[in-house]
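Over in TrEMBL, the protein carries these features:
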type	residues	note
BINDING	Pro282, Ser284, Arg289, Ser455, Asp536	L-glutamate binding site
DISULFID	Cys548-Cys606	disulfide bond
DOMAIN	204-599	domain 'Ionotropic glutamate receptor C-terminal'
DOMAIN	214-273	domain 'Ionotropic glutamate receptor L-glutamate and glycine-binding'
SITE	Ile433	site 'Crucial to convey clamshell closure to channel opening'
SITE	Arg460	site 'Interaction with the cone snail toxin Con-ikot-ikot'
TRANSMEM	327-347	transmembrane segment
TRANSMEM	403-426	transmembrane segment
TRANSMEM	621-646	transmembrane segment
Amino acid sequence: MQMETTVLKMRAQITQLRMQSINSLILVAKTENVERFTLESSDYIEQRIFNIYVLTKDITAFKCDSCESAFMFWLRPFPVGKIMEIRDLDDYLFRNEIGLELDYSINGWDSLNVAFYMNVMGYAFETIRQMNATFDVLPTFTCEAGPSEPNITTTDVQVRIYKIDRNREHEDALFNKEVGVWTPLSKLSVMYGTLQVDVRNLNIFRVVTLIQPPFVQRTGDPNTPYEGYCIDLINMIQVEVNFTYTIYEVEDGSFGTMDDNGNWNGLIGALVSGSADIALAPLSVMAERENDVDFTVPYYDLVGTTILMKKADVEYSLFKFMKVLEWPVWLCIVAAYLFTSVLLWIFDRFSPYSFTNNQERYQNDIEKRQFSLKECLWFCMTSLTPQGGGEAPKNISGRLVAATWWLFGFIIIASYTANLAAFLTVSRLEQPISSLDDLAKQYKIEYAPIKGSASETYFRRMAEIEETFYNMWKEMSLNESMSPRDRAKLAVWDYPVSDKFTNMWRYMQESKLPPDMDAAVDRVLNSVDGFAFIGDATEIKYAALTNCKLQQVGTEFSRKPYAIAVQSGHILKDKISSAILMLLNQRRLETLKEKWWTDNPNKVNCPDSSDKSDGISIQNIGGVFIVILAGIALSIITLAFEYYYYKRKARKAAEKEKEQMEMKVHQVIQNGVHNHNGDAPKTASSITKNGNAVMKRMKRSNSVSAYENTAFQY
């Protein structure tokens, strides 16, 4: 029969069922209707007159705070494996014509819902007839559609069986535990040996978690599969509270969001459905979550939302100091240098008052500088240095040219020095995005949070609030029941409510929300136009901690604490809260922070960005040292050339002087022989002989002075 939903009719229906001696009831209804039915039939449930079995696909919290007694089995269908939603029959036929294998989601297709419930109802009736058995043999069910619809087999759906128990002795504690799983293929799987287990006496609790380093991360060891801040925390709590737990990962890997029908997924969905007792993760305390689950006292500081971006690629160049001025400017400076040097040389050569043309006038001056072309080039070059160019030209025309060059050099050097410092520092500190407002004002860089995260909920809700305020203002301004004067007060030219989050949420949807943290980091690192990930500050802090290419941008906003979530009314809530307060007082949680943040084994030692702003790196100024080395190398080559040139010139001069001396000696010998021709033949012969000996000694000598001494002796 159809369940009544109003209070009076429901009470009459319950009385009718009691008069008909119906003890086993199968309720196919929403959670809110089940709560209402349980409240009205609490006395019958406590006396075990009614055995209630609830079949629903709602994943909303069964709280029933006013219920004094509740005892029932819940059967919830869950999709497993690949899920695909078929929206119409033509789409179904098209896919089957091309031979695609189809899986179905439980949501979205009424015929599938009806077929599923009809089959599970048959299973439930069969189960009730076998109440004395142990629920270990369950029939396989299929769903045959009508002639106008495709045949469907629910092989991709599992039914999870939960047991809810509350009595007058523990009216503040609601026990909701998953006790079994049934699928058409593997049949029934019981978790605690039997479905008739007393869930109030179980000291084994199921903990659901998700991977988010450093709070929870995999180890690869089957004995201890998880580690992290939260794992150490639950182990500390376990010692204080004295309970046993098993831990598993949530199937969809999300924290939990609510759809339009009030159904939860992720960690919150596991608690609401009864699949888990405790949600252990960096889970933010939010008002909508507190409506359906309970939170312990926070175990972590307030954590906000912030932005993760890729660090700007700083362009390093050894000759970056040359890029301060453009190449045409450098060429103009070189041209001005050459032109001024040549002009000085011309003025010094043709001016009647220059040193070159008045050497007698300036012969008593200490500085006697003749401005040749080489000297003019040197003068103009050294004038640009703190050393100065030295003695200026004597002529007034030359001094005017020199003064003009000095003024030119002063302006160029001052401009270059100021721009060099700015050029080397601003390029490193330049950051196009520094806050959320900067993101909202531009459309080049895409940005988005993770789908299903608390950050997504924040932006979606802020956009909805702006839309609500806009509609309220519009209704007020167009309300004809108001007086003209009051309506005129609302007639403003500017839109009175900001549409910042509305535009941001629209742009996020266009940018496509990443499914998980890995996908978000990959987009940040590899996006061509840039991508900014908006998420929890701890996620972003850890990403920047383990990757030097990433950085946190802006300050945190929408700050919320992290806490452990339990089922609504769970018996462990107060015990866990007390244990957390004790750990906080003992400062043991600060030790965990130190372990998993400061001393994290995955931490990467990145160069400190603040150090870069304090000075100029060698990558940008190293070209100056190359210039010094090039100058030293050039000077060494010049020295070698000068030495070689001087030695060659000195050798040629010595050879020339030697030839001249030989000619002189030879001439002296000849003159001596000629003067003694009248003497005896013996005397002439001895002169010739002595002269030849002198010539031999002169040839063996290597110096000009030796030549002179030899000739003198002769």
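Placed from the backbone N, Cα and C atoms, the Cβ positions cover glycine too.
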- [ ] Sort out the sequence-distant neighbours of Arg289 (L-glutamate binding site) for me: same chain, 6+ apart, CB within less than 8 Å of its CB, listed by position.
- [x] Gly256, Ile268, Phe295, Ala565
Open item on the list: To the nearest Å, how far is the Cα of Ser455 (L-glutamate binding site) from the Cα of Ile433 (site 'Crucial to convey clamshell closure to channel opening')?
Closed with: 19
- [ ] Fewest other Cβ atoms within 10 Å: which of the recorded positions Ser284, Arg460, Cys548 wins that one? Let me know.
- [x] Cys548
Open item on the list: Please give me the CB contact count at 10 A for Ser455 (L-glutamate binding site), counting all chains in the structure.
Closed with: 23
Open item on the list: If I take the Cα of Asp536 (L-glutamate binding site) as reference, which of the recorded positions Ile433, Arg460, Cys548, Cys606 has the closest Cα?
Closed with: Arg460
TODO: Measure the Cβ-based neighbour count of Ile433 (site 'Crucial to convey clamshell closure to channel opening'), defined as the other Cβ atoms within 10 Å of its Cβ.
DONE: 20
Task: Candidate recorded positions Pro282, Ser284, Ile433, Arg460, pick with smallest Cα gap to Cys606 (disulfide bond) - done: Ile433
Open item on the list: Name them in sequence order: residues not among Pro282, Ser284, Arg289, Ser455, Asp536 whose Cβ is within 8 Å of the mean position of the Cβ atoms defining the L-glutamate site.
Closed with: Phe255, Leu283, Met286, Val303, Ser453, Ala454, Lys560, Tyr562
TODO: Would you count the other CB atoms within 10 A of the CB of Asp536 (L-glutamate binding site), including those on all shown protein chains?
DONE: 26
TODO: Check the Cα-Cα distances from Pro282 (L-glutamate binding site) to the recorded positions Ile433, Arg460, Cys548 and tell me which is shortest.
DONE: Arg460
- [ ] Starting from the Cβ of Pro282 (L-glutamate binding site), draw a 10 Å sphere and report how many other Cβ atoms land inside it.
- [x] 22
Task: Number of other Cβ atoms within 10 Å of the Cβ of Cys606 (disulfide bond) across all protein chains - done: 15
Task: Most distant Cα pair in Å, residues Pro282, Ser284, Arg289, Ser455, Asp536 binding L-glutamate - done: 17
TODO: Return the member of Ser284, Ile433, Arg460 nearest to Cys548 (disulfide bond) in space, with distance defined Cα to Cα and candidates limited to these recorded positions.
DONE: Ile433
